[in-house]
């Protein structure tokens, strides 16, 4: 019987060695950097398009709020990873593959009802994100192909074409089975940020009129902070990614790499976009890029990112539904049928509610709870629990 506490520094290395021996290793699993690629791809994305406008509303305090949101999300992500490491060591029946690891953490902390609630909220959030990504990707495809090739295909058809073409890729088991998708998703959003930064720098040095900067709008501060918190959501996918690591206990290193990169991307695009255009910023920052080929390249890269991020983000949703219907984690026809059916539902919702604004608040609320509240709540509870498991330690250093 024990209560977990902060260890003495002399015991830290010994405990890390013990962790690596006790936690099941994943053959052909993700390394630290591959895991960071998945985290960047799942967190960074559509939020980067609206962050500059949030800075316009909030002014200099917006940069502080962005750092706070990044720290809060990263800290909670690390704590969630520690929760999963502790749960795997304590409950040996989890040595095998767990299809809904976030819900398993919630169940271990507060019981079955909390596990069901977290699973439901996670599925609502990931389903909503999938619909938004399908809509945004389809809109971008329609815009690009109509401009470049004068190909006039209805937006509704693009939703159908894109959604159905992604179905076979959705049959892949878990992140370790599609490592390249995580690399592509993270690389394209990084390159898109680089292109946008180059465009804004060019505009700053070639502008002919003085840029107007309005004072911060206090009534818009809540909107700005909400945008920033939404832009750092995505923690719900972390346990699924961590489970596929070769060394799951090293997840915190991936978190440091990913969040440092994401914050750097967000801050550079937001600051340069604001300095370039000032208070004339549009909600979608791409509309402020005056040089067409810069804008088109960035839009292409963001579209590619959204497509591959869609596959990565929906994977935990698919696995959770498969667990609900007692479908094996091994590849089989039941998996194909279940995931195909779910993709058809996503396509149907995207076709039925093209704006999706009516459900976005619910999606954002679920993401906020699972990213900024639940991880620390579960961590505190799990660390205070007593049982007949071996004595373990949890570090505050992350």
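Glycine too: its Cβ is placed from the backbone N, Cα and C atoms.
Automatic, uncurated: that is what TrEMBL annotation is.
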- request: State the residue range annotated as transmembrane segment by TrEMBL; the candidates are 94-115, 116-137.
  value: 116-137
When counting Cβ pairs under 8 Å to the transmembrane segment (30-51), the leader among 180-202, 253-276, 296-315, 336-353: 253-276
Task: For the transmembrane segment (57-78) and the transmembrane segment (222-241), decide whether they are in contact, meaning at least 3 CB pairs lie under 8 A, counting pairs 6 or more apart in sequence.
output: yes
Query: Among the recorded stretches 116-137, 180-202, 222-241, 336-353, 359-380, which has the greatest number of Cβ pairs closer than 8 Å to the transmembrane segment (253-276)?
result: 180-202
- line: Per the Cβ under 8 Å criterion, with at least 6 residues separating them from its ends, the transmembrane segment (180-202) contacts 34, 36-38, 40-42, 44-45, 48, 169, 261, 265, 268-269, 272-273, 275-277, 285-286, 289-291, 294-295, 297-298, 301-302, 304-305, 308-309, 311-312
- line: Within the same chain, the residues 6 or more beyond the ends of the transmembrane segment (296-315) and with Cβ under 8 Å of it are 38, 41-42, 45-46, 49, 126, 129-130, 133-134, 136-137, 140-141, 143-144, 147-148, 162, 166, 169-170, 172, 174-175, 178, 181-182, 184-185, 188-189, 191-192, 195-196, 199, 234, 237, 240, 286, 289, 342-343, 346
